[in-house]
Amino acid sequence: MQTQHTKVTQTHFLLWILLLCMPFGKSHTEEDFIITTKTGRVRGLSMPVLGGTVTAFLGIPYAQPPLGSLRFKKPQPLNKWPDIHNATQYANSCYQNIDQAFPGFQGSEMWNPNTNLSEDCLYLNVWIPVPKPKNATVMVWIYGGGFQTGTSSLPVYDGKFLARVERVIVVSMNYRVGALGFLAFPGNPDAPGNMGLFDQQLALQWVQRNIAAFGGNPKSITIFGESAGAASVSLHLLCPQSYPLFTRAILESGSSNAPWAVKHPEEARNRTLTLAKFTGCSKENEMEMIKCLRSKDPQEILRNERFVLPSDSILSINFGPTVDGDFLTDMPHTLLQLGKVKKAQILVGVNKDEGTAFLVYGAPGFSKDNDSLITRKEFQEGLNMYFPGVSRLGKEAVLFYYVDWLGEQSPEVYRDALDDVIGDYNIICPALEFTKKFAELENNAFFYFFEHRSSKLPWPEWMGVMHGYEIEFVFGLPLGRRVNYTRAEEIFSRSIMKTWANFAKYGHPNGTQGNSTMWPVFTSTEQKYLTLNTEKSKIYSKLRAPQCQFWRLFFPKVLEMTGDIDETEQEWKAGFHRWSNYMMDWQNQFNDYTSKKESCTAL
């Protein structure tokens, strides 16, 4: 006779048998971790995220390794592989010089590559939600780094939170940087230039051909990037071969019309000749030079890249995009002016203190270890470094506009003014101009002004809301369980992720439903933008309009002035006063118009 205890034991045993026999759901099957692409099968891995999982495929090859005779050439399509490729860890990073300015300092070390350096580096990563979606929106990340550095394997670019929370598929790719990615003999197929951009383009072609197998929608692809990554995104908007490869674009703190982004072909060729000279490859013809440069160890090329430009030049890019007649047929501002741009929706934005990240890398009087309270002389020396080749008159115009015109002069004013000069000229004003031109062509555009300084930022307080430090909120790092962001920052990051994903899915940051602050479309006339911070977002118009008008209209005229310096100086100062008075009147009238319009709307 069975006891009650025996019956209970048998019942428990049967329950365990049933549990073991039950299917655990599709997310736990081998089928979900192995996906067949056009070039072969890849095996991913399951990642725990926020109480759930995502499936990650890390280090999928998308091109032949650009080794030997393929160095300096466009990327070549991949051959099929017979076995299953293990895509379970990040691949090599592309060769690049490491930032050693502040050894051991997290603020700079976080951007250095965290995998082995190799020319065999053309790999991409895919994060997909669980359960595996059908026809999900795809977001493809392009990293920044001035076209000299960067890798997709950095923790700050981890796509798992975005995939898990917003149920989008996230993709990122490595592309060649520095001379190995952008050395150019324009017109020569053995070293045409823009190889790094062609890498990106081939990765986007891979996404088009394969993303459906991962549950993605090839007709809903948003490319997004920061700094040189944003400039890359805007170059794809100007490249007809890239048009079919994506749907929408997000540009964070960068654009291709910025003064650092694209070089004229003559300048690109001259820099290649200079590198050839320093590596002992000065030869009679281009092919001999290319052959010699291909024979060099990549480390030797890296060592000599830094000699291509003067040692005191800051914010200069040794090797970057150029007009090659193929990927890029003209300078970006010309193509924008001619309306030769993809019809699409774009989301663009900048951070409050874009210039500070560059000042600590050599500007006189600046340091990450103090308050960088600089003198007038150091401000002027800083202008000399950031504007080499600009006449004394041109630099005097900048000094007068950003400092003297305000009347107040103190170390803080000089420090903050140089931050504004560098940020306005290189990031903010070009981004606004790109957005304005894009909007003039009847494309929907949206603009943001990022105002939140991360509580975990290792850089000093005076550096403010720095270049690059919105990225951690876009990728959801504050949601991690073992991080010490504030609760407000976690909420803010979720809001940013929702906004970016809404834009990717629907072409509008508000998505299909309204929220507390409706994000207005940016038009070339009103130029409305939204502030992003942990408080309530606000709508404003004409971000830094007087400063950007100075760089767009007044500064070029000053550079053209010749003749007697005293007479010319008097002439530009008089012209400047007339111009600034006009700008102030215009700003006041516009503000009056805006307030009256909003009052009428509220009735």
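Note that Cβ sites are derived from N, Cα and C of the backbone, with glycine treated the same way.
Quick caveat, the model's predicted, so the values are computed rather than measured.
Per Swiss-Prot, the cysteine from CYS429, CYS600 that shares a disulfide bond with CYS548 is CYS429. Checking the candidates ASN116, ASN484 against Swiss-Prot, the annotation N-linked glycosylation site falls on ASN484.
Between CYS281 and the candidates CYS239, CYS292, Swiss-Prot records the disulphide bond with CYS292. Here the Cα atom of ASN135 (N-linked glycosylation site) is found 35 Å from that of ASN484 (N-linked glycosylation site). By the criterion of other Cβ atoms within 10 Å of the residue's own Cβ, the least surrounded of the recorded positions SER227, ASN270, ASN510 is ASN270. Taking each Cβ in turn and tallying the other Cβ atoms within 10 Å, the top scorer among the disulfide-bonded residues CYS121, CYS548 is CYS121. Counted within 10 Å of its Cβ, the other Cβ atoms near CYS429 (disulfide bond) come to 25, all protein chains included.
ASN270 (N-linked glycosylation site) and CYS292 (disulfide bond) are 17 Å apart (CA-CA, integer value). Long-range neighbours of ASN86 (N-linked glycosylation site) (same chain, six or more residues apart, CB within less than 8 Å of its CB): VAL42, ARG43. Reduced to three states, the DSSP call for CYS94 (disulfide bond) is strand.
The recorded positions shown are ASN270, CYS281, ASN484, ASN510, CYS548; of these, the one with its CA atom nearest the CA of CYS121 (disulfide bond) is CYS281. The highest number of surrounding Cβ atoms within 10 Å, among the recorded positions ASN135, CYS292, is found at CYS292.
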